[in-house]
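Participant: Please read through the structure below; I'll follow up with questions.
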Amino acid sequence: MDLEFDRKHIWHPYSSLINPPPVYPVARAEGVRIFLEDGPGLIDGMSSWWSALHGYNVPELNQAMREQMDKMSHVMFGGLTHEPAIELCKKLVEITPPGLNRVFLADSGSVSVEVAIKMALQFWHSQGKPGKSKLLALRNGYHGDTFGAMATCDPVTGMHHLFAGQLSQHLFAPAPQTPFGETCPDEDIRELEQLIAQNSEQLAAVILEPIVQGAGGMRFYSADYLRRVRALCDEYDLLLIADEIATGFGRSGKMFACDHAAISPDILTLGKALTGGTMTLAAALCSDRIAEGICNGEAGVFMHGPTFMGNPLACSVANASIQLLLSSPWQERVAAIEQQLTEQLAPLKTAPGVADVRALGAIGVVEMREPINTVKVQEALIERGVWLRPFGKLVYAMPPYVISKEDLSQLTSAMVNVLGEVS
Ligand SMILES: *Cc1c(COP(=O)(O)O)cnc(C)c1O
């Protein structure tokens, strides 16, 4: 592979073209292994950023794409429809929390967040309350890289403060502190409640990642907190947007993280694992009330329509992925991964440089006290045959659900050895 060309000419996510960090050439991927061009297979601990639930080169998913390709890879969604989209939207309505009956198919997670925000604003406009146009987001949140989504990311720890002047100004509440599994005391939600009470005339919605804050800190928080946010939204007439782009499809131990609190948001965003890590596709679902409000409004339509909306190839592989997930013992698998991560990462709790070790569902997180040398740590992990992508103070694993006990043991022992040495 022409890695020299890559270094000079190709942007990678959040990368420099002057001093690019190493990128490793992948020849193929199979099961839970990523095979480098001239190396052994690395055990994948990232699921390619939450997406490859079933691992790689999955026969059922390949088959679905092959069959669909022979019929049509794509047709426009304006004025046309097709079976893969209808089947997918039916399934999404069925498996997501109750009341989310209307589906907008988008191209990527960030775009589905744009769509969700636009739904909220168009809804309030239609209700004769165009002043309700601001969002209340949580610190440590992450909702994507496009401008609307960026404006809801944590303004301090987020990666977007450079653009602060160009972004819509929203309100931010402190990140929830109550750990998962505990009851939320009043003081943990007080500031959020005050912000809502004081600004309800300007607020369209609360936007949050339920239970698991992902790229903004890999934090897990109380289902009771989430339940209370839902109640406050109802009390003050705000919408709740749940961004489940990372947590959707079982990652936190429930099919959707909202299920831990038994709540339904007004708008839900999905992405990442939607196609089992094969193609880019996302969705924003909303309730009947929101959809009907929007369509009874001045515009009479929802004002969005991407070129590749409802791409049949992506929809068909999403259908196959959801079917594969539902027909698998995913809940047992995720619970077993949680238990193994909890037990096997525990030795790091007392390691000198480690601030915290936590696991929820198929997510294991080691938080260091100081930012680590991510390039060096990654190199050391690769030497031990595993693929992880640490950032800042965080080294975390979210493997495909199909990972074997042995492979997961190799993954966690690599983390324990490398991070033990770092500290
Ligand atoms: C990844 C992510 C996004 C953005 O999705 P992209 O597909 O990268 O645009 C938004 N919200 C959350 C919670 C995410 O994890």
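The backbone N, Cα and C atoms fix where each Cβ goes, and this holds for glycine too.
Note that TrEMBL annotation is computational and uncurated.
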Participant: From the candidates D44, D237, D243, D356, give the one listed by TrEMBL for the same pyridoxal 5'-phosphate site as G109, S110, P306, T307.
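Facilitator: Looking at D44, D237, D243, D356, the one TrEMBL places in the pyridoxal 5'-phosphate site next to G109, S110, P306, T307 is D243.
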Participant: For G109 (pyridoxal 5'-phosphate binding site), identify the closest of the binding-site residues Y142, K272, G305, judging by Cα separation.
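Facilitator: Nearest by Cα distance to G109 (pyridoxal 5'-phosphate binding site): K272.
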Participant: Counting other Cβ atoms within 10 Å of each residue's Cβ, which of the binding-site residues K272, R389 comes out lowest?
Facilitator: R389
Participant: Listed binding-site residues: S110, G305, P306, T307, R389. Which have a CB under 6 angstroms from an atom of ligand 1?
Facilitator: S110
Participant: How many Å lie between the Cα of T307 (pyridoxal 5'-phosphate binding site) and the Cα of K272 (substrate binding site)?
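Facilitator: Just about 20 Å between their Cα atoms.
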Participant: Pick out which of the binding-site residues G109, G305, P306 has the most other Cβ atoms within 10 Å of its own Cβ.
Facilitator: G109
Participant: If you run the three-state DSSP split on D243 (pyridoxal 5'-phosphate binding site), which class comes out?
Facilitator: strand
